[in-house]
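Have a look at the structure below before the remarks.
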Amino acid sequence: MRNLIDITDLTVQEIDELIATACDIIANPDKYCDACRRKKLATLFFEPSTRTRLSFEAAMLELGGSVLGFSEANSSSASKGESVADTVRVVGCYADIIAMRHPKEGAPMVASMHSPVPIINAGDGGHNHPTQTLTDLLTIHREKGHFDNLTVGLCGDLKFGRTVHSLIHALSRYTGIHFVLISPEELSLPSYIIHDVLEKKGMSYEETQDLEAVMPKLDILYMTRVQRERFFNEADYIRLKDSYILTLDKLKNAKEDLCILHPLPRVNEIATSVDNDSRACYFKQAHNGKYIRMALILKLLGVEV
Amino acid sequence: MRNLIDITDLTVQEIDELIATACDIIANPDKYCDACRRKKLATLFFEPSTRTRLSFEAAMLELGGSVLGFSEANSSSASKGESVADTVRVVGCYADIIAMRHPKEGAPMVASMHSPVPIINAGDGGHNHPTQTLTDLLTIHREKGHFDNLTVGLCGDLKFGRTVHSLIHALSRYTGIHFVLISPEELSLPSYIIHDVLEKKGMSYEETQDLEAVMPKLDILYMTRVQRERFFNEADYIRLKDSYILTLDKLKNAKEDLCILHPLPRVNEIATSVDNDSRACYFKQAHNGKYIRMALILKLLGVEV
Amino acid sequence: MRNLIDITDLTVQEIDELIATACDIIANPDKYCDACRRKKLATLFFEPSTRTRLSFEAAMLELGGSVLGFSEANSSSASKGESVADTVRVVGCYADIIAMRHPKEGAPMVASMHSPVPIINAGDGGHNHPTQTLTDLLTIHREKGHFDNLTVGLCGDLKFGRTVHSLIHALSRYTGIHFVLISPEELSLPSYIIHDVLEKKGMSYEETQDLEAVMPKLDILYMTRVQRERFFNEADYIRLKDSYILTLDKLKNAKEDLCILHPLPRVNEIATSVDNDSRACYFKQAHNGKYIRMALILKLLGVEV
């Protein structure tokens, strides 16, 4: 039995296998439609997240399994003071696999130590969200065909954005990656990631505040939300916010095959006019999220198709 | 691909077909029990409505499909500021058809302009609720066998009651209908409906405040709730409220085959002593709501049985 | 058609049959996996209870049926003032059986008087929770092989603990049971249960405040939560609370085959160090809850396997 708590729980080979399975599911959905018959997924969402929850549920349903769970903590026993350990021991009697979202960092890890069934971390506070990273990787792979030798722009809030941190961790295991870190100074990538990941592994990277200047070189552009409350003062926010809103105008010098990603939900950081551009991949990305979760559920349940 | 946003999106012929399908489902449920195998319905309820949501879910389950979604907005990405357009683009990756309830008028219409899958309006504010109208029509058809030449009483809050407005729209396309509009003056039918629907189409109608006086002529009596907060003053409310509560006593001069409808939930506008009268059709109506939604899902998904 | 509102609705023979069915399901799950195909369970939870709701849902899913419902009242029509009677009449159009949890005592009983489909009381206020009692009985039966001639310790809050009251009712129908009532004086078993059940039926019992003193004689130890707010004053609470927390140390003179039960969720009334002791049966109990509910659903739906 295995869990997925952190993206680094998976080896590069395991990630490659998950991506291969996801691609096979996309090509041959009929082959998988009864793969999890009589299996049950519990979605234990101690904080709400529609997109993530529904993608897990759709994944299990398309594998022929079924779903139960809760979508917010006040419908759960947690409000009666039950520990996460006890909750998963009990839910493990009712389901074959658990996807858990929790506001507290580490909760899914604790859960995995007591659960009789596999635990998938569906996001724990600002910490980890490994199935988002798998989604990002599958999308890059489907759009580019490979991970090596890509110039990857990461734009917006690089300080608090956990999806960015995880993606850097994951891509740093491939070769020839050049990271372009695009953010206001206040929201730049934390130094522990620069030192412990990028420099330790000898990764190529550059930092800039100017999205348009670096646009022509990018193969991937990963956008994130710049939240007003992250800024120290309103003046900085107003001065900077528009620089990190992607528009068709800012894309005019971009590569023809640039791949634009966003973990969603978006507020206004990508203009809706970009949506119909062939380089906009963020809705494809949401779709891919379902397929990689199908692959992950199969792997953790040990189901061979 | 088609959506259902407003009852007038459907032609008379399409409504007739939906009713015919619903009647066939009622007669031959086994024929339909796998019709939507591997199809998924998303119920996106940005405001709660148990009855409507459960009837959609039961409909999809009885067609052999499955269901995912949320039952209130604070469990959804809407609380993170996502637009309805983005939500349906993403949920369209996870489901084959979407039933949406939204407090804002027009939200399902906007959704339908961006969704990759069919959208059913499951109620948008005080605006439209077309599946309720289809439910009402199926019930009238099953009880009376036809729509023409009926005397239809509409009683209670005709000013704000959207189900009444939709039903008038729908029935105004048949011939020989006579509407009896029974309400306190404060809650009478808005003049734009009187002019734009009834008078423009040359429909026969009368207005009255006296339910008992018109009772003997009615073939259909559609009751709605008279809410205290709709009145300008308490004195009027107290003076009028009992006139619009249906009791066995008020039914003593009604036709033997009167058909009493109510969109439910009821608070006290029909006395529970009426429930066992053979003319009470409002629980049958709730049952019919499931069957007409089954027919609608089949039609919008293009499933032939 | 039958309902389960109170554990005493069932005869001893019916309980024996349910236990026999549950044991057969455990031994031969494949036999039952399509038993409720095309049947739907509605879980109407007017107050949240994850554990109970998920165990009902898992039960129905493992029988091949499907599930719909709501997990708290503010997602329901109840918030619009609908009566429980109307709710079940409508939901009875959408589901084949209803499990109802309600904060008001007697609500499931009222529901059963109006519902077109079987009602299972999944807990009504401090009143009844018969499927918990069935769970307890199945666990005792699986651990001990019989109900007769057992010494049963009930520990903690015997005044307000409804699961304890129901279990006493249920066990008082077997022979040779000796009850050991272990509680602080403030939380002792109400005299109406002592008189109307224990003394009327000539049951053997003793009352004590000292858990450790009676430990050696117990075959069953049923732990419940001692809630701070039940005490008249803080000093009593502090003086007494630790006496009713089960630890490995307090178990040192217990029988080798003692069976420790707890209805869960637990807060701190059993130390987690006890969890790995072979006498700890409370997680098995949670598992059994699913199987006895499967048996109950089959019985109430009249499904023969």
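In case you wondered, yes, glycine gets a Cβ from its N, Cα and C as well.
All annotation found in TrEMBL is predicted automatically rather than curated by experts.
What TrEMBL records for C:2-141 is domain 'Aspartate/ornithine carbamoyltransferase carbamoyl-P binding'. Feature annotation from TrEMBL assigns carbamoyl phosphate binding site to C:ARG51, C:THR52, C:ARG101, C:HIS129, C:GLN132, C:LEU264, C:PRO265. Per TrEMBL, the feature L-aspartate binding site maps to C:LYS80, C:ARG162, C:ARG225. Per TrEMBL, the feature domain 'Aspartate/ornithine carbamoyltransferase Asp/Orn-binding' maps to C:149-298.
Mapped onto this structure are the features recorded in TrEMBL.
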{"residue": "C:ARG51", "record": "carbamoyl phosphate binding site", "Cβ contacts under 8 Å, 6 or more apart": "C:LEU264, C:PRO265, C:ALA286, C:GLY289"}
{"residue": "C:THR52", "record": "carbamoyl phosphate binding site", "Cβ contacts under 8 Å, 6 or more apart": "C:PHE45, C:ARG101, C:ALA122, C:GLY123, C:HIS129, C:THR131, C:GLN132, C:GLY289"}
{"residue": "C:ARG162", "record": "L-aspartate binding site", "Cβ contacts under 8 Å, 6 or more apart": "C:GLY126, C:HIS127, C:ASN128, C:HIS129"}
{"residue": "C:ARG225", "record": "L-aspartate binding site", "Cβ contacts under 8 Å, 6 or more apart": "C:GLY156, C:ASP157, C:GLY161, C:ARG266, C:VAL267, C:GLU269"}
Remaining residues near the recorded carbamoyl phosphate site, that is with C-beta within 8 Å of the centroid of the site residues C:ARG51, C:THR52, C:ARG101, C:HIS129, C:GLN132, C:LEU264, C:PRO265:
C:SER49, C:SER55, C:ALA122, C:GLY123, C:PRO263
Across all the protein chains here, work out how many other Cβ atoms are within 10 Å of the Cβ of C:PRO265 (carbamoyl phosphate binding site).
21
Compare all C-alpha positions of C:ARG51, C:THR52, C:ARG101, C:HIS129, C:GLN132, C:LEU264, C:PRO265, the record's carbamoyl phosphate binders, and send over the largest distance in angstrom.
16
Go through the binding-site residues C:ARG51, C:THR52, C:ARG101, C:GLN132, C:LEU264, C:PRO265 one by one and keep only those whose Cβ is less than 8 Å from a Cβ of chain A; report them in sequence order, or 'none'.
C:ARG51, C:LEU264, C:PRO265
Please report the three-state DSSP label of C:ARG162 (L-aspartate binding site).
helix
Validating a neighbour-count step here. Other CB atoms within 10 A of the CB of C:GLN132 (carbamoyl phosphate binding site): how many?
24
Secondary-structure category, per DSSP, in which C:ARG101 (carbamoyl phosphate binding site) falls:
strand
With DSSP, how much of the domain 'Aspartate/ornithine carbamoyltransferase carbamoyl-P binding' (C:2-141) is helix, how much strand and how much coil, in residues?
71 helix, 25 strand, 44 coil
According to DSSP, how is the domain 'Aspartate/ornithine carbamoyltransferase Asp/Orn-binding' (C:149-298) divided among helix, strand and coil residues?
63 helix, 25 strand, 62 coil
